[in-house]
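S.K.: Have a look at this one before I ask anything.
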Amino acid sequence: MSNSIEDDSFSKPVGRWSVYCYGVGHMLNDITSACWFTYLLLFLTEIGLSSRDAAIVMLSGQIADGLATIFFGELIDRFGHFKIWHGAGAILVAVSFSSVFGGCIPCKLLSSFSTIVETVSYSTFAAIFNVGWAATQVSHMSMVSCITLNSTSRVVLASCRNAFTMVANLSLYGIAFIVFEVIRAETRADIENQYRWIAYLSIFIGCCFVGVFHLGTKEPRSKTGIHGDIHARISWTYWFLKILYYQVAIVYMLTRLVLNVSQAYLAFYVIDDVQMAQSSKALVPAIIYICSFVVSILLQEIAWNEQRLKAYYTAGGILWIFCGTAIILLPRSMSLFVYAISIFIGIANALMTVTAVSMQNVLIGQDLNGCAFVCGSLSFLDKISCGLTLFVLQSFHSSSPIVAGNYSTGNFSITRYGLGLVPAFCSLVGVAVTWTMELRIPSYKPLTETLLE
């Protein structure tokens, strides 16, 4: 009798306060990640590093992140204690991130600003930052499957997390907009000062929300099953024998490529290609995340099933294909249309992100003692693929910054391809793979009831 009561409570919708406290737990990661992907390459090239050296810094961080996700996923599956891993990772992120954008510390100590010393310095701090980032990400993502078995509540948790991702990004771009307006970049020192302030304020805001998460979220069960029995740790081979694992991995990886590659090249595109005002490198991303935030909130009120997950992901993918085409073809004289395109990009990002993460939770199902490995391995694919893609694009950018002129002469820049073609192609493949999936979503009774208590 007690087992059935415990099972029923584990399948009930998650309370509103618990959802919100969980949702803010990734804010530090999100706000620093937004700064990482939006401004790192821009910052490094503005202070004098070549495009290839900037790509090396990015790649070193992505590789460290990818390897760390596998490592932390295994440790969390073995020992549990999600909140401890989350807190330790948050501390490492807060300490190291300011050094990524705070200037070359070893250069000052060694009194040498050679390219090699700068590249090694920024790469080292980038790797440390991403190790902490991975610990926080894997622990936070894998918590969803251990908080509840209710499939709709899992989508709600993912949607709320995605909504606060938008809040984090908006906070960053609000900070960046003010900093870029107040501090004029005329020298290298001014540029470093701009990004240093952005980094410090981002860390402060993120740490405040990490505190809310740890105060308001209970440590979920992982080693104990839903009926109170102890489950053995699930072997990696269990997942490797599942076709759905590979399908979800591909869709998740492609979705993250869409988000990260487009975010990395957005600032370059609005400044270099369509030659908008400097403030637009904060304003355009802000519009994207406002739209994503609104859509993420609306998605929380939907009762999910297999067809809806596939349909909403497809809708987001199709939107991105149209947006990518518009980005590639948009002439400089029509730069104001970037604002309209950004609205649809925001909608597409939210649809694809929420549904892709939800597919990951469907894959995990009730196999809770393998949830961290799934999250870690999928994140590994995400980080490595993103790092290699950006490295290749930046290498082409380094050898030939402008392939030949602009749209008016019938030619395109690497930035246009990076922002337009790559996300559109990834979206197309992601949609195709989605419709080959067989998603078995359990129909708990609470699915027909009020979503949030």
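Using N, Cα and C of the backbone, Cβ positions are placed for all residues, glycine too.
Just so you know, TrEMBL annotations are computer predictions that nobody has curated.
So TrEMBL lists these for the protein:
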TRANSMEM  17-42  transmembrane segment
TRANSMEM  54-72  transmembrane segment
TRANSMEM  84-105  transmembrane segment
TRANSMEM  163-183  transmembrane segment
TRANSMEM  195-215  transmembrane segment
TRANSMEM  236-255  transmembrane segment
TRANSMEM  282-299  transmembrane segment
TRANSMEM  311-330  transmembrane segment
TRANSMEM  336-359  transmembrane segment
TRANSMEM  371-394  transmembrane segment
TRANSMEM  414-435  transmembrane segment
S.K.: Any residues 6+ beyond the ends of the transmembrane segment (371-394) with a Cβ under 8 Å from its own?
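M.R.: Sequence-remote neighbours of the transmembrane segment (371-394) are 41, 51-52, 54-56, 58-59, 61-63, 65-67, 69-77, 130, 134, 137-139, 141-142, 144-146, 222, 234, 236, 239, 245, 248-249, 252-253, 256-257, 260-261, 264-265, 360, 363-364, 414, 417-418, 422.
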S.K.: Top stretch among 54-72, 84-105, 282-299, 336-359, 414-435 for CB pairs under 8 A with the transmembrane segment (163-183)?
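M.R.: Stretch with the highest Cβ contact count: 282-299.
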S.K.: Which residues, given as numbers and ranges, are at least 6 beyond the ends of the transmembrane segment (336-359) yet have a Cβ under 8 Å from it?
M.R.: 141, 154-155, 158-159, 161-162, 165-166, 248, 251-252, 255, 258-259, 262, 269-270, 274, 276, 280, 284-285, 287-293, 295-296, 299, 304, 309-310, 312-313, 315-317, 319-320, 322-323, 326-327, 330, 427, 430, 434, 437, 439
S.K.: Using a Cβ cut-off of under 8 Å, list the residues of the same chain at least 6 residues beyond the transmembrane segment (414-435) that approach it.
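M.R.: Those are 247, 250-251, 254-255, 257-258, 261-262, 264-266, 268-269, 272-273, 310, 313-314, 316-318, 320-321, 323-328, 348, 352, 356, 359, 389, 393, 396-397, 400-403, in sequence order.
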S.K.: Would you mind listing the long-range same-chain contacts of the transmembrane segment (84-105), meaning Cβ under 8 Å and 6+ residues beyond its ends?
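M.R.: Beyond its ends, the transmembrane segment (84-105) has Cβ neighbours at 25, 28-29, 32, 35-36, 39-40, 43, 72, 75-76, 113, 117-118, 121-122, 125-126, 128-129, 131-140, 192, 195-196, 198-200, 202-203, 206-207, 210, 213-214.
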S.K.: Residue list, the transmembrane segment (236-255) vs rest of chain: Cβ under 8 Å, 6 or more residues beyond ends.
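M.R.: Hits for the transmembrane segment (236-255): 313, 352-353, 356-357, 359-360, 362-363, 367, 370, 373-374, 377-378, 381-382, 385, 426-427, 429-430, 433-434, 436-439.
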